[in-house]
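Below, the features straight out of TrEMBL:
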| type | residues | note |
| --- | --- | --- |
| DOMAIN | B:7-175 | domain 'CobW/HypB/UreG nucleotide-binding' |
| TRANSMEM | B:196-215 | transmembrane segment |
| TRANSMEM | B:235-257 | transmembrane segment |
| TRANSMEM | B:278-300 | transmembrane segment |
| TRANSMEM | B:312-334 | transmembrane segment |
| TRANSMEM | B:341-362 | transmembrane segment |
| TRANSMEM | B:441-464 | transmembrane segment |
| TRANSMEM | B:476-496 | transmembrane segment |
| TRANSMEM | B:503-530 | transmembrane segment |
Amino acid sequence: MLISRSNRVNLDAVLKIFILLGFALFFFIIIHTGKIQLYVNPRIVPYVKFCIVVMVIISLFLCRDIFKPRRKVSLTPYLFFLLPLFMAFSLPAKSMNSTSMAFGDVTLTNTDNSQSSSTTDFVQTVPDTTDSALKLQDDTIFVRDNNFVQWIEEIYTNMSKYEGKKIEIIGFVFKDKELRENEFVPARLMMACCTADLQPMGLLCQYVKASELKKDSWIKVTGTIKAIDYKGQKTPAIKADKVENTIKPENEYVYPY
Amino acid sequence: MKTQIDIVTGFLGSGKTTFINELLESYRLSKGRIVILQCETGEIEIDNQIIEGKNVYLKSVVKNSSFDSNYISEVIKKHLPQRIIIEHNGMEKLEDLLNILNERSIRKNCVIGTIVHMIDAATFDVFMNNMGSILIEQISNSDTIILNNSEGYSKTQLTNVERTLKAINKTAEIVRNSSLEHKEHKLIKQRKPSDILFAVFFFLVVGYFTHTVLMTLDFKLAAIDLSRFQVINTVFLSILIQAFPFILFGVIISSIIQVFVSNERIVKFFPKKNGIGFIVAIFAGFLFPVCDCAIVPIAARLVKKGVPLPTALTFMLAAPIVNPLVIASTFYAFPGQPSIVFFRLFLGIFIALAVGMTFLFFSEEKSVTLNSLDSIMCRCGYCGDSTVTNGFTGKVDAIFRHAGAEFFEVGRFLIIGAFLSGMVQTLLPKDILSNIGGGNIVSLIIMMLSAFLLSVCSTSDAFIARTFVNQFPMGAVMGFMIVGPMLDVKNLLMLLGNFKKQFVINLVFVIFVLALIVLSFFLLISVLFYGG
């Protein structure tokens, strides 16, 4: 098929509209199916909706140009847009876990060290409103999807207040070579903005049969919080009474806000 | 067989007629019947001796007001030419002629061959400064640009002219000092169908086909093969999804300013005294939230209109950082860490001021701007576009068109940046990066260089910077967010298009050294705030 240079339609405008509507459609589909949670923090969703509206409006304005043939059309710039569009539609979003981020091991090592430092950041800034959500039920801390990050930070910050309290937490088994035989972390991946900044987060857990737990499997841990000495730092940890397998939560990620 | 219509454009005295004479003399071209339509007559006339005995008909339409599609149709009917060469009037818009040729009755019988633009190197700068818009319109529509009279000019002068031409029209072939053979070859050559587009379709079709086959035939194998790529893809797309709204918001704001605020008003805004000038320069960015790529031409214009160079430079470097959109996106990229927004602002302004001061003390005696046009050098969009903006609807129309154009210009750099970032995220062993990094100056330099190379628009670079936090100390990531808006590949290209080369080298050096000093100092302190 040869595309004549003196084409009747303006290829430039057609491609622009195709790309704009393509992205708008992609955004619409992922919002509609909820897959957008695999890509970005739900907080971004309203912005993405705004993006869809603007893209549609711009393409409406471009529509008039379709039949105004323009001579000089350089198509190479549009390659950059067509490729991600193609990738967006052809490849399903991959939900990350610590294995799929194969090189992420090192990041995970850092987490235990950086967790304390990253929490100090949040201490100054986490709005007070989250505190109201953090309530004990029957003297037990129930760490759930919607308060995971808040609870972990709260426990790190006010360690002494929660020492000896009962805790129930759901996460995947995270192991690292720096952890001892009887230790593991029931962790969740925290997404601040998008997939690019996923970070595992959790509380250190001491459990006799920790070595029998399968890496990345989803578990529910029930236990007691106590302060232990980890690498010379006083760190909150869970002394597990019971670890049982559980199903993977609908949304694997947790969000700091 | 359709009649091929070639168009020769250019200002009076640029050598159009001479060129046509040369063409007619050549053997190959004159085989068929040729009609020459002259819309303009200058000092040189079509040589009768050349025409004689050949199938060439000369028509003068200089004073013919009824030069329209009917006229051309009649010419075709009468002479049945194989080729029509139109000598276009250089003072008129080429688009008007192209619109005539695009009418249905003409399109049926004709095909537009080559549009040649003739330029006299000696007068190019003068014309460009005085009649830029007409010239730009013609150049941007041309296929081939012939640079005449270029013998007496130094290489750098010609390179400057060519750079300007390239900026206006990326795809045109520029022929300099060429022999007749060469020129003729350009004009005779048959135009090829666009193979890039074909390649894209081919790639997509093959890619999709392979993908489908793999998925159905051997799902497991395909899943394994693709998993790593899928991770890259997901990371890549997620960066795009969150950055696109900001980019779009940015281009709309920028377009509104483009349409509603004239450059003159912006220039008036800057006091000529240095002290107040600096302060205004810093805060002007709040009021003109343009992206880092739109700012270079504005800064160049400021310098030309008499704003002192140090002030203009401070404005140019600070504006992309104090831009409210940039502040907002930084805030969203680093949620709950307003200190990062503060440091980005503070250090950015500090470095911008320091660079401005440096040029105050080592002031450049000579003029630093290139004597060419400035507005069209902006690759952000159609800043130089002479969009007729009549009434409110016209303005709204202009805003969205401009925003669309700008989105496609800026989005490209974002996509490349996001993809590279996705690759780095997924493929690069993180211990290598953290080994290089680890709180020293090297990590800062790496971050500054990647900011330069990634060329991400300042309105969204915070999101990309965010992804480096795991591997690099905060101080180095700060370097990414401060150097990026001031200096990157696309910025550098625009600087070279607006300022003299030596000045650009000086500027780049000063920015880099000052940024390195200030940021290394910050790097040492930042360990206290953000940990190793």
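Glycine is no exception: its Cβ is also placed from the backbone N, Cα and C atoms.
What does the local environment look like for each feature on the list?
The average pLDDT computed over the domain 'CobW/HypB/UreG nucleotide-binding' (B:7-175) stands at 77.
Same-chain residues lying 6+ beyond the ends of the transmembrane segment (B:312-334) with a Cβ under 8 Å from its Cβ atoms: 246, 249-250, 253, 270, 278, 281-286, 288-292, 295-296, 298-300, 302-303, 340-341, 344-345, 348-349, 351-353, 355-356, 359, 458-460, 462-463, 465-466, 481-482, 485-486, 507, 511.
Within the chain carrying the transmembrane segment (B:341-362), a Cβ under 8 angstroms from the stretch's Cβ atoms is held by residues 274, 278, 281-282, 308-311, 313-314, 317-318, 321-322, 327, 330-331, 334, 462, 478, 481-482, 485-486, 507, 510-511, 514-515, 518-519, 522, 526, all 6 or more beyond its ends.
Sequence-remote contacts of a segment are chain residues at least 6 beyond its ends whose Cβ falls under 8 Å from one of its Cβ atoms, and for the transmembrane segment (B:503-530) they are 313, 317, 339, 343, 347, 350-351, 354-355, 358-359, 364, 368, 439, 441, 444-445, 448, 473-476, 478-479, 482-483, 486-487, 492, 495-496.
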